[in-house]
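Per TrEMBL, these features apply:
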type	residues	note
BINDING	78, 103, 130, 131, 132, 133, 134, 135, 136, 137, 138, 199	5-phospho-alpha-D-ribose 1-diphosphate binding site
BINDING	193, 198, 199, 200	uracil binding site
DOMAIN	5-207	domain 'Phosphoribosyltransferase'
Ligand SMILES: O=P(O)(O)OC[C@H]1O[C@H](OP(=O)(O)OP(=O)(O)O)[C@H](O)[C@@H]1O
Ligand SMILES: O=c1cc[nH]c(=O)[nH]1
Ligand SMILES: [Mg+2]
């Protein structure tokens, strides 16, 4: 499994504001989108390119363009929706799949409630978007469902991860590429990331 942790001053700075319980929802959403742009830039680093010839106003030249079919973005509802605008900004022709999962409050087991994936998953790079990787149960289930629908080239993109979640994914999906903004200390007894940022979905959508 490949794990890339963004160790970037802008990510640290914005995360410090995102973590702050006093940060209002509107600013929280904007900051997630801003960090999302950095996550989108880094997680697409391996997309294949090919040389094409264009005429600049001055001469003909060979230049690089993305080679693959349009990538697929799969936000895990709800909190993954917070990262989607940033990815679509940089990959405007991407296809978007949706996967609804919520974590049962007692068992922490992910419960699927919605699924709509675009076709040709086997031929496209697929990016699973979810800001929080806690126990890893939701991410593991998302990747399992996408693999069973044909996806082979899968990356998981998260803002914060717990070591427990990374370990779980390493066991369940050793072929997965993971890009995370930061790795926090641990989970608490309710499966929340410490120090973390609280419940990402509730803070994004004002439901707490
Ligand atoms: O790694 P895990 O232990 O599975 O936890 C992470 C999941 O928990 C959150 O979703 P939540 O269940 O709160 O749903 P929501 O996004 O609708 O709030 C988060 O967005 C992840 O999907
Ligand atoms: O800390 C956590 C853990 C799971 N989901 C969240 O939104 N936050
Ligand atoms: Mg939530």
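A Cβ is built for glycine as well, from the same backbone N, Cα and C atoms used for every other residue.
TrEMBL: automatically predicted annotations, no manual curation.
On the structure: features taken from TrEMBL.
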| residue | record | DSSP class |
| --- | --- | --- |
| 78 | 5-phospho-alpha-D-ribose 1-diphosphate binding site | coil |
| 130 | 5-phospho-alpha-D-ribose 1-diphosphate binding site | coil |
| 136 | 5-phospho-alpha-D-ribose 1-diphosphate binding site | coil |
| 193 | uracil binding site | strand |
| 198 | uracil binding site | coil |
Statement: Whole-number Å distance separating the Cα atoms of residue 199 (uracil binding site) and residue 132 (5-phospho-alpha-D-ribose 1-diphosphate binding site) is 9
- prompt: When the Cα of residue 136 (5-phospho-alpha-D-ribose 1-diphosphate binding site) is compared with the Cα of each of the binding-site residues 193, 198, 200, which one is closest?
  reply: 193
Message: Less than 6 Å between Cβ and the nearest atom of ligand 3 is the rule; apply it to the binding-site residues 130, 132, 134, 136, 199.
response: 199
- request: Could you tally the C-beta atoms, other than its own, that fall within 10 angstroms of the C-beta of residue 198 (uracil binding site)?
  value: 16
Whole-number mean of pLDDT values that fall within the domain 'Phosphoribosyltransferase' (5-207): 97
Field: Winner by Cβ contact number (other Cβ atoms within 10 Å) across the binding-site residues 130, 199
entry: 130
Query: Any idea what the Cα distance is from residue 138 (5-phospho-alpha-D-ribose 1-diphosphate binding site) over to residue 193 (uracil binding site), rounded to a whole Å?
result: 14
- request: Calculate the distance in Å between the alpha carbons (Cα) of residue 193 (uracil binding site) and residue 132 (5-phospho-alpha-D-ribose 1-diphosphate binding site), and round it to a whole number.
  value: 8
- line: Other C-beta atoms within 10 angstroms of the C-beta of residue 200 (uracil binding site) total 25
Message: Please report the distance from the Cα of residue 198 (uracil binding site) to the Cα of residue 132 (5-phospho-alpha-D-ribose 1-diphosphate binding site), rounded to the nearest angstrom.
response: 10
